[in-house]
């Protein structure tokens, strides 16, 4: 009896998860008859889609480790502008790639190589939007993060305009961050969890220098920063030099909870990140993700859940709204 009950529970749990993914896809697509993202979408039409993307991402991350956070960041930037439709990949004088926040994106060649290999294996089948979504997952796994299943079936968008790029900023208040994420159907847990992705990657010195030298025009560093952390960043980002600084100092190549722990000790370079520790609601979530408060949350599994939700933002599923590109940098 107990064994039968356990099997029934597992089956019901799986069906609920599939239903949630489908429902989220319906909300994002705003259509009544198009294809919907789901697990195992390509089936026999492209059996090796995931292994091909993983192989390409692994090769590029091994040769240039910075490609891992680069691809993850690119996916975020794609989903927050016109939805997860690969529009950030399109080239052009006024495309999203030319917007100021996107000029430092990296990893475009990774997605293009994966697309070229998939076009040989499964011509005109796999979208660039799906490739980028898979690549972001693989980048996390390759740096030590937990794997999650990715629903597939997005189409590629045909519109990419720099004027549409309005992303969350490095000095945003918590209220502004919550507002921006809620506008994309993401809740506060998703916000904190996805910001935890800063455990890998770097930030440009131009984004952090003012906070460490002349906070709000005072001529002094932000007083909320750990005083022993200030000279370390000042040395890496002097007022007349420097390029980039680690978001998770000393653990930039490892996907773990190290970054969130640094948030609790005021040793993070972005003001928006530190403010999450000062807001009561987001502070509780950080504590739960770190196991400092019950009921605790597992960062790895929560990150995967939030990534799935983000990957279903405003997806294109009808041919009237999107296509399968031949190359990721240009519409057909």
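Cβ atoms are placed via backbone N, Cα and C, with glycine included.
Curation plays no part in TrEMBL annotations; they are all automatic predictions.
The Ca(2+) 1 binding site annotation in TrEMBL covers 78, 81, 83, 85, 87, 96. Among the features that TrEMBL reports, substrate binding site is placed at 168. As annotated by TrEMBL, Ca(2+) 2 binding site applies to 199, 248, 256. According to TrEMBL, the feature disulfide bond maps to 46-122, 79-84, 128-328, 205-237. The signal peptide annotation in TrEMBL covers 1-23. The site 'Transition state stabilizer' annotation in TrEMBL covers 73.
Non-local neighbourhood of residue 168 (substrate binding site): 80, 176, 177, 180, 181, 272, each in the same chain, at least six residues away, with C-beta under 8 Å from its C-beta. Looking at 78, 85, 96, 248, 256, the binding-site residues in this record, the fewest other C-beta atoms within 10 angstroms of the C-beta turn up around 256. Taking the Cα atom of each, residue 237 (disulfide bond) and residue 96 (Ca(2+) 1 binding site) are about 27 angstrom apart. Measuring Cα to Cα from residue 78 (Ca(2+) 1 binding site), the disulfide-bonded residues that fall within 10 Å are 84, out of 84, 122, 205. Between residue 96 (Ca(2+) 1 binding site) and residue 79 (disulfide bond), the C-alpha separation comes to 12 Å.
Ranking the recorded positions 79, 81, 84, 122, 128 by how many other Cβ atoms lie within 10 angstroms of each Cβ puts 122 at the bottom. In this structure the alpha carbons, written CA, of residue 83 (Ca(2+) 1 binding site) and residue 128 (disulfide bond) are 13 Å apart.
If you compare Cα positions, residue 84 (disulfide bond) sits closest to 199 out of the binding-site residues 199, 248, 256. The two recorded residues residue 46 (disulfide bond) and residue 205 (disulfide bond) have their Cα atoms spaced 42 Å from each other. For the recorded Ca(2+) 1 site, residues 78, 81, 83, 85, 87, 96 set the reference point as the centre of their Cβ atoms, and the other residues of that chain within 8 Å of it by Cβ are 77, 79, 80, 82, 84, 86, 88, 157, 160, 164. Same-chain residues that are not part of 199, 248, 256 yet have a Cβ within 8 Å of the Cβ center of the Ca(2+) 2 site turn out to be 196, 198, 200, 251, 252, 254, 255, 257, 258, 259, 260. Applying an 8 A CB threshold to same-chain residues 6+ apart, the list for residue 205 (disulfide bond) reads 236, 237, 241, 242, 243, 244, 245. Rounded to the nearest whole angstrom, the C-alpha distance between residue 256 (Ca(2+) 2 binding site) and residue 73 (site 'Transition state stabilizer') is 16.
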